[in-house]
């Protein structure tokens, strides 16, 4: 259909105006964030606000990083992400392999049980879990944020893996089985090497989860040297709550890595989110 | 499902071995703690003192606690006003970017990006946006000739302000709904166009009915999530002003981790669990009536 009528062009024009207006509205808070993060203290208190800082105070960022140990919080978060994600990937993919590829009694009810735990409000298990970790002496260590993920890796990840495994032709398993491979070998040698997209999706989401999570680190991590980025930013707010330029610089530092990750791993974001929408089917 | 091959003992054994970590996790981190928290909710226990069985006393205390009802009201306000509006705007955004226009990818990205901001950073940013003297929100109001508001300092406005803030991150739901829209077969629209249906009736007769599974699922997940709203209130308002943003989870958190009333907090957790469960069940029952599952017969 090459012949576009004038009416279609006008409609497209109106559509672009609506789209741009919405994009501008949603972009404003981020522009405001960046703009404030580069202002002098005095310039943050202007009404109507000045959008372009004068001068650009890049030292706000170094000042914010000097004020609290964000580099430590960063490495703490990364360490939690790495150890939690390895456990989640291993145990969730193992379970998903069984649910997608092997037949055993009560497979369907057990999988339903997995799905139903996605809906469970985590608060109902929080207090006893906290007490168990406290009894084990794990409070103020990373273990409460890592160890649970080595036990099934989260119901949603099992679901993601299973969905993906079901798209891999069963003939591959059969061929490997004829060659004498056992189930563990099929899982490790046939299925996992084909599952890089879903592994990447889960890694990306694990990073986002640990980067953003506030409630659990708030409960389990007490001394500042163990804080994650989220808790560290909260601590920073407690100390510098009137210095908006510094607070915006620190907030930008917390947001920026996620945006960088998004632009490098966009397709894994999209596939993961879309899968989460399909969980209801 | 193929029923040709009988169940193999070795296959069943491997199946259970492979899901063993999950089964252990389910027992240790889900089923066990659930039962334990139910038990704790029938005791009085401040961690350092030994626990005392008090029967249903915590629940009686809870139901006579004005602050409990207030936190439930605040949370319900946030859930039942915030979630449907949020979903509505996400749907509008999804419809807006579901066009084959040049550069539409840019708009999809632009709408999605704000939902990536971590809730702590997001909360701090919005305290600044809602700042009564120097904030962006009031700058905008004054620019269009209105008076500035005490967004987070006025008990009547604090909850609406948090809801407005939540609209900034409609992008996550937008992407899910967009996937739903993309899943609607083009032939349906083509057939309807041939029959002379306009955009409006195509939307009501094709788009909306076929999108209901995605809408419905998002609604449930968003409601369950919103019942557990915490961080915004913890960071932005500390439950105030005048307890107007004392949400359920914030009150529970204070009972458990500031006052160490584990019995009371566990009773609260179970009440929330029952509420969420009931609500999910109602949603599922209603869904039979208004959710149209397209070709969902792959069994």
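Including glycine, each Cβ sits where the backbone N, Cα and C put it.
The model shown is predicted, which means the values in this text are computed figures rather than measured ones.
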Among ranges A:186-208, A:209-231, whichever one TrEMBL labels transmembrane segment: A:186-208
Residues flagged as transmembrane segment in TrEMBL, choosing from A:46-67, A:244-265: A:244-265
Remote residues contacting the transmembrane segment (A:145-165) - C-beta distance under 8 A, at least 6 residues beyond either end: 80, 83-85, 87-93, 95-97, 99-101, 111, 114-115, 117-118, 129, 138, 191, 195, 197-198, 201-202, 210, 213, 216-217, 220-221, 272, 275-276, 278-279
